[in-house]
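A.B. asks: Pasting a structure below so you can have a look.
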């Protein structure tokens, strides 16, 4: 493989399209400085994927596009192509010629092409992996890059060795395998999660499926057994009905005969009743008169008794009041005597107390004034004595303070002098050290700022890579989950739709009609109407038998359907013919809370079926609860049926039906329709999420690739900056520590001086203050003692005066106070007794008036008593005469009663016999009606079981069969909610579980294969790297000896135990020189070492073509010839393209072409060798 040509159009100074042919061997590109020679090398680097525009001597992407010149418009894009001969299939493409192209538009958009087919940067990088060709490989060495190899970090040197070892592709494969492994781990976790979830669902559904199958088996057995029992019972009921009709006729004749006899007896009893009624009327008339007389006599006797009693009471009360008046006279007289006595005693005491009051007042005033003087003097003496003690203590403390502060003052003066000397020396040291530190710090900050910008960008890119990778992984995981959910939901939806389309769940007859080809069938009622979910129970409870009615165009279609069912014996069905049904709509006008409305208004359907809606639902009112329903019924507010939201049904005649059914067929159809709607919405949402997620993942993958490319170019720059920063940091830290230590010492000394000066001033102030305090205190103490002595004398004099006064007036004061108290008490007693005497007189007058009134009452009562006795005697005579007439009427009434009693006995016997006969007749009628109802119910049940095959039940086994039926019903009822769809769901989940288990096993197997591949790649990488390293190490030593005469060269692995993080250092020892760092070599020496290193790589693995830009610039003629000789040795394996100014290089070249530039328009052009010689000569003359 070799480079046949480079095509450049609009790149940098190549404003016009140029096509540069290259031959095998050594090709030199020559031309004046600034002509654009190096732009050819930049173009090659750029097309190979260089993303750092700094590395191709540009600031930004637009700088690589020709910017225009005099009369030359700027280019709108830049394009470079490498045309490579691939006849030996060195590159993994089945083409003899390979064209690699990169194009950039003015907008900044990049395009990559392989053989004019759009590609990606990553694909170009992969194509050249392990070839030694690439943006960072050793095959393209630009200006200054020779020396940069010497200054490269150990990791960068290692990367060059890896390129030569051909393990870049292995490393890329390893990274890809690790990504695959991570994805496999995610997939495995996902599959395990889904598998576990499916297992749990399968186990749950398995139990439900088993339960559903048991339920179906029991239900079928129950239906078959029930039908057999109904048939046997029907035969028995029909036989019993015939027998009971005969008995009914016999009982009816007997009832008629007994009724005739009873009627005759009742007629005679009625006659007796009339005669007895007349006797009773006469007796009542006499009795009424007698009763009135008895009442009058009784009233008069009661009135007389009351009058006598009142007369006795009044007499007794008069006597009591007269005695009480005498008692009051005695009490009044006694009270008046006590008042006179108290007044006399009060007058006597009052005379004495006036004389004593004046003397007592003078005594009290004197004592009060003296006590106040005594208290004031005592308090004043005590306060002054306490203050003297405090001042004596204060004086002693001040003396002690003077002595202590004089000692401290002397010590502080000595300390200040010592600290000032130390401070002067420390300031000199700090100034010198800070000057050195500032210089290092400015250098360090500049490098840090450069590194920070690089790290921030790198960190941003790494974070972006991480976030984008996580987002891509999460999106992939979500998409897989959505795809799985969409697949599962779609499968379930299809199954439910198939069931719905196949009319599963309807009665057999209904299902067969719907699946027939008869024209004019619109559908089942339940499928043609819609309503709010909350009305579901109400609708099911109100019209359970109508929901599977089939709506047809007319009655003729209904007849065809019935004929179809009869001919094929396919069961029964009900039909609603649109031309025959009569709407039966009732109105509800009342406004009541809890009434939701007529069912016909709450259910929606096509206008075509409005007659059907009114017919079925027009007489049905929906309310919230049973209380509202019964209230409406009791008030006769609605003439139709009423149903509640919870399914209680109240008929128009008052029948209430309620309770909870097991899931019915209708309920299952409702549930299926709701589930279909939910699944349709879910599937649509999932498909939208899958499309949106896939688009996001594709966009993020493109961003990820761009960020990966940018990170590569940042890593190299960071290593170089960090080395410089580490050295500056060490110097700065050392100087900082020294400055800090000196500053700390200075601060400490300054603080000490400041504190010592403060202490000096403080101690002197304290001494002066203490002397002043002692002097003032002594003066104050003397003054206080003098005042205390004067106050004590005055206090003694005051106490003496108080004692003398107390002795003189003690007895007089006590007598005065006692007399004063006695007078107050006497005044109260006098007032109280005068009031009591007045009250007693008033009470006497009231009682005297009352006695006079009682005397008058006695006279009136005695007159009334005599009148009442006369009236009683007159009424008693009349009463005795009326009683004799009543005795005659009683005798006649007795005779009628005896006859009536005999007839009543006959009547009772006849009524009893008739009643028994009627009971027997009514009972037989009820039995017959019950049998008819039973027959009707049995026929209805048999109609429901028309599709069921009946068991044959013998009469003698009927009881045991019913027990078995009850047992089956109990078992079915104990099942609770049964998921009849669980059987099919279990089958689907079982298949899915088996599929996922196989998929899990495949993923585990894939993980093992990938892990084995990674291990194999690692072993291969280690083996190839160490083989390459050993060969290049030997070659490097050999090349150093040959190219730099007797120089030793060696490569050394740093940190070999950690292959991923290890590096390689270059060591060289020149003849007759000590071993020294590469950084101290001269420019020529560095170039020769770098060339020796490159040649060592070429000896092991030559690159198919190599670009070298002024590689010999720092070499003398001898070393240049030596270099060209070595290059010549490799021309059979590699193609060399050199950009040079060196004549020796030009002489040794197999081909040569030149580059020149039109300065006016700034465009580089390719020229022939002859023209190049002429241009060089002209430049030499001009210079």
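From the backbone N, Cα and C atoms, a Cβ is placed for every residue, glycine too.
Note that TrEMBL annotation is computational and uncurated.
Annotation comment: TrEMBL describes 32, 33, 34, 35, 36, 37, 38, 39 as ATP binding site. The coiled coil annotation in TrEMBL covers 167-485, 669-745, 774-978. Under the heading domain 'SMC hinge', TrEMBL lists 519-633.
So that I understand the layout, could you describe where these features sit and how close they are to other parts?
C.D. replies: Its Cβ placed at the centre, residue 39 (ATP binding site) has 22 other Cβ atoms within 10 Å. Taken residue by residue with DSSP, residue 39 (ATP binding site) is part of a helix.
Within the model, the coiled coil (774-978) carries an average pLDDT of 75.
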A.B. asks: Give the residue from the binding-site residues 33, 38 that has the most other Cβ atoms within 10 Å of its Cβ, counting over every protein chain displayed.
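C.D. replies: Result for the most crowded candidate: 38.
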A.B. asks: How many neighbouring Cβ atoms, not counting its own, are there within 10 Å of the Cβ of residue 36 (ATP binding site)?
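C.D. replies: Taking all protein chains shown, residue 36 (ATP binding site) has 25 Cβ neighbours within 10 Å.
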A.B. asks: Once the DSSP letters are reduced so that anything not helix or strand counts as coil, what is residue 34 (ATP binding site)?
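C.D. replies: Its secondary structure by DSSP: coil.
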A.B. asks: Which one, from the binding-site residues 32, 34, 35, 37, has the smallest tally of other C-beta atoms lying within 10 Å of its C-beta?
C.D. replies: 34
